[in-house]
Amino acid sequence: MSHEVLEFDVVSASLTEKAKTDGAELIWDRQQAMKAKCGFGDKGLCCRICAMGPCRISPVEGKGAQRGLCGATADVIVSRNFARMVAAGTSAHSDHAREIATVMHMSNKDGNYKVKDVGKLLNLAKEWGVETEGRENDDIAHEVAEIALNEFGKPFGTQRFITRAPEPRQKLWKEKNFEPRAIDREVVTLMHSTHIGCTGDADSMLEMSMRTSLADGWGGSMIGTELSDIMFGTPTARGTEANLGVIEENMVNILLHGHNPSFSEMVVLAAEEPEMIAMAKEVGADGINLVGMCCTGNEVTMRHGVKIAGNFYQQELAVLTGAMEAVIVDVQCIFPALARLSDCYHTKFITTSPKAKITGSTYIEFSEEHALESTKTIVREAIMNYANRDRSKVLIPQAKSKALVGYSVETVIQHLDKVVNSHTDVFNTVKPLSDVIWAGVLRGAAGIVGCNNPQVKHDKSHVTIMKELIKNDVIVVTTGCAAQAAAKAGLMTMEAKELCGRGLKEVCERVGIPPVLHMGSCVDISRILDIVGRVAIERGLDNSDLPVVGVAPEWMSEKAVAIGTYVVTSGIDTYLGVTPQVLGSEHFTDMLTNTIEEKVGARFTFEEDPVVCAQLILDRMEEKRDRLGI
Amino acid sequence: MSLFDLIYAGSNAAWGLAEQTVADAIQQKGKDQKVAFPSTAYSLPVIYSATGMKINTLGDLETALGVAKSLIVEEEDLGKALNAGLSTAVSAEIIESVKYALQEDPYEDEPGIGFVPDPVIRSLGVPLVTGDIPGIAVLLGESESPEELAAIVKDYQSKGLLTFLVGKTIDQAMEQDVKLGLEMRVIPIGYDVTSVIHVVSVAVRAALIFGALKPGDLAGLLEYTKQRVPAFVNTFGPLNEVVVSAGAGAIALGFPVIADIDVPEVPGALLTQKDRSLTVKTSLETREIKIKVKEIDIPVAFAAAFEGERIRKDA
């Protein structure tokens, strides 16, 4: 076990010691077993899309194999591998959204799934031209859901939500043929083009990847967020706590891990049922302590204030505490390793989705038709397991931080209204935000998102970049595991304003917000697109004109690749703290980090040192400000 | 030009002017020439309250110039920009103090009263604390419409606010038959933009006298003025960079600025209100001044501001 990687994280230190005693294997053990990474894969130069291969291209130009058996060059192979990451990321977000649309289509005022935010439903119905006059909410919801479901496979037209982008951006997408059509179609087309003997041009491959990524950000993810809000309520500001210290010694601890709120919302309901709480008391516990992890954790904390046990890399650590009765999961970013790890403890590792079965887990299929009953069965399993806890093996790190969460676009605007003078301005706009950026009180805004990755010190890049930016009057909005890193680091408190520059501090005080705003899960990055777009529209500009950036300091998943790509394609500069597997092609790397700007007004920057990265971001913001003359 | 650049330009210009003014005065009168405002125990109040430093001679003003200069750090940062605003305030006080060093009463020949003596501030203390004076309005510049300006002044007056006039607003108010004077709660200060410092001086002395703040506790001073002195600024007409940087000084003290032209707006601090019939409402809301008014339907204005009014035979 290399302890070096954990230097930044004091919480994990005690637990990794415990892992040794308990004979539990962790991600860092596996990383060590992996030894040095394959240089070909690391540079994106390995291709195994057909059975003539695997082929690998020499990373040195003019030396060794320069082409695969089919003749694909390094440029082509790198671009294809990249494209497939985008396709996979897009598919994950989109399938997530499809499930939400599906339960919306089942919504019934007497059923488990009900429309919670009628206002948001009616707004979307209006946007999509659905008749609302004199109709039942459920009827409207069903029609809206059907339209949403058609977004995945409609034969004609383009994604509906792209019309939310600023006009110049829409025009650019049209001109460049970037307008995403049906979501599934874009994924399929991209997979098609990466097949052997199809696209053999890196430039074209990247453009197709960009179009596909837009089908995620302005398609799948946006549908996921919008419909989740309609079904489960638009998040509002609320307090919670974060880090492993939220696990309770004398309660039935249930870790909710995964992504989809159509599942987690029902688990929250089930865990609140009086009969479940009574049952927990019967087995000798004080009650049920539901804690969240990763994006499902974000979804339930945004809407219910459910405490956050941790982010991606802490999923094993939560089990290591020995106090976790059940880990219940649905889809995405769930270590299969949890099955083996759970065997070291009494923990039940329960998989629920036919899309993500894991060998060695207890599989209890979640049925949307009997959603609440189904989750009650799962919660019961957890409660029954309380008696099996081996108290000699329990170690709960006493670390937790308070956090304010729930900053949907609607909630942010509601807060901005506090500083609107009723005689000079109208309410319910982002103008106050745009004003402080224009005046220079805030230098810009950064969306910090993404995963954890054992290639960098956990949470260190997230927290370091955030601190550097807020210190320099850049407001930070965040989602996903980056948001949870911020919550654990105490950056989502009102007190965190003391870490800010004078401008951001004033804004926090006047608006009544922490300097780092939790905007939700990874599909909720669509909220960030929404708010940036609103500021651009407010000023009659394009996204690419604004001093705004996206950052993924510790990204790891293909979803992150899709996200980064749609953010850049939306005109927002994106900084990656982990270098993607593209360096094998100088041309492709140059496109991502340089020439892509000619096409969409934004580019990628790869920088693994968080302090340097923050400085590059600040410089770029000043450059954009200078161009605007502000 | 960005807002911060404009502020820095204004602060530098004000400082340059102050430096020149001091140099000229020293050449004329020597370094030992006494510098003091009339009837005050607080030396040069802005400099004294911010630094704890008492200025006695023209020579001392050179040190004050150094303080002003050190406050101008041209970085793209709100804190620095607000400090530059304070620098302009210090420069303005230096310039105004030189006027008093060179002349017994430099405001003798104009309607403006210039420096406001301590006894006046003490007399204002009680009504300020009780809320009888719910706010302090500083009107600056030249209005496109003198009628509207007069209406604004009268509106403040009827609401019991204390209004200070700087620049052409003085003449415009007089032409419109607005009655001026301390008892009327409408006080002309001076024509030069630097004379606005005499209003700032009122606010900082209020902090020293009523807030019992220690001279030199700048952070405490700014907190006091922001929380306890319900002042705000209305500007009329185009703003030059010195006025903008002076505005930054007001904002540093917690006083919002409401302009009647387009400015880079900062919610709660720097606003544009082009409709001058809404200037009063906008200003009061921004400074969170709530006035409990009992409307009495009578044919003449009714407010505490008219308490000291004298009725003459020929009026």
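Keep in mind that glycine also has a Cβ here, set from the backbone N, Cα and C atoms.
DSSP assigns A:Cys46 ([4Fe-4S] cluster 1 binding site) to a strand. Marked as [4Fe-4S] cluster 1 binding site by TrEMBL: A:Cys38, A:Cys46.
The [4Fe-4S] cluster 2 binding site annotation in TrEMBL covers A:Cys47, A:Cys50, A:Cys55, A:Cys70. A C-beta separation below 8 Å, combined with a sequence spacing of at least six in one chain, links A:Cys47 ([4Fe-4S] cluster 2 binding site) to A:Gly53, A:Pro54, A:Cys55, A:Arg56, A:Ile57, A:Gly68, A:Ala72, A:Ile77, A:Arg80, A:Asn81.
As annotated by TrEMBL, [Ni-4Fe-4S] cluster binding site applies to A:His259, A:Cys295, A:Cys333, A:Cys451, A:Cys481, A:Cys522. A:His259 ([Ni-4Fe-4S] cluster binding site) falls within neither a helix nor a strand when secondary structure is assigned with DSSP, and so counts as coil. Long-range C-beta contacts of A:His259 ([Ni-4Fe-4S] cluster binding site), restricted to its own chain and to partners at least six residues apart, with a cutoff below 8 Å, comprise A:His96, A:Cys294, A:Cys295, A:Thr296, A:Glu299, A:Asp330, A:Val331, A:Gln332, A:Cys333, A:Ser521, A:Cys522, A:Val523.
Nearest neighbour of A:Cys451 ([Ni-4Fe-4S] cluster binding site) by Cα distance, taken over the binding-site residues A:Cys38, A:Cys46, A:Cys50, A:Cys70: A:Cys38. Reported as a whole number, the C-alpha separation between A:Cys70 ([4Fe-4S] cluster 2 binding site) and A:Cys46 ([4Fe-4S] cluster 1 binding site) equals 13 Å. Rounded to a whole value, the Cα-Cα separation of A:Cys46 ([4Fe-4S] cluster 1 binding site) and A:Cys481 ([Ni-4Fe-4S] cluster binding site) is 29 Å. When each of the binding-site residues A:Cys55, A:Cys333 is scored by how many other Cβ atoms sit within 10 Å of its Cβ, A:Cys55 comes out lowest.
Under the three-state DSSP scheme, A:Cys295 ([Ni-4Fe-4S] cluster binding site) falls in the helix class. Other Cβ atoms within 10 Å of the Cβ of A:Cys481 ([Ni-4Fe-4S] cluster binding site) number 34 in total over all chains.
For the pair formed by A:Cys50 ([4Fe-4S] cluster 2 binding site) and A:Cys38 ([4Fe-4S] cluster 1 binding site), distance between Cα atoms is given as 20 Å, rounded to the nearest Å.
For A:Cys70 ([4Fe-4S] cluster 2 binding site), the number of other Cβ atoms no farther than 10 Å from its own Cβ, over all displayed protein chains, is 16. In the three-state DSSP scheme, A:Cys55 ([4Fe-4S] cluster 2 binding site) is classed as strand.
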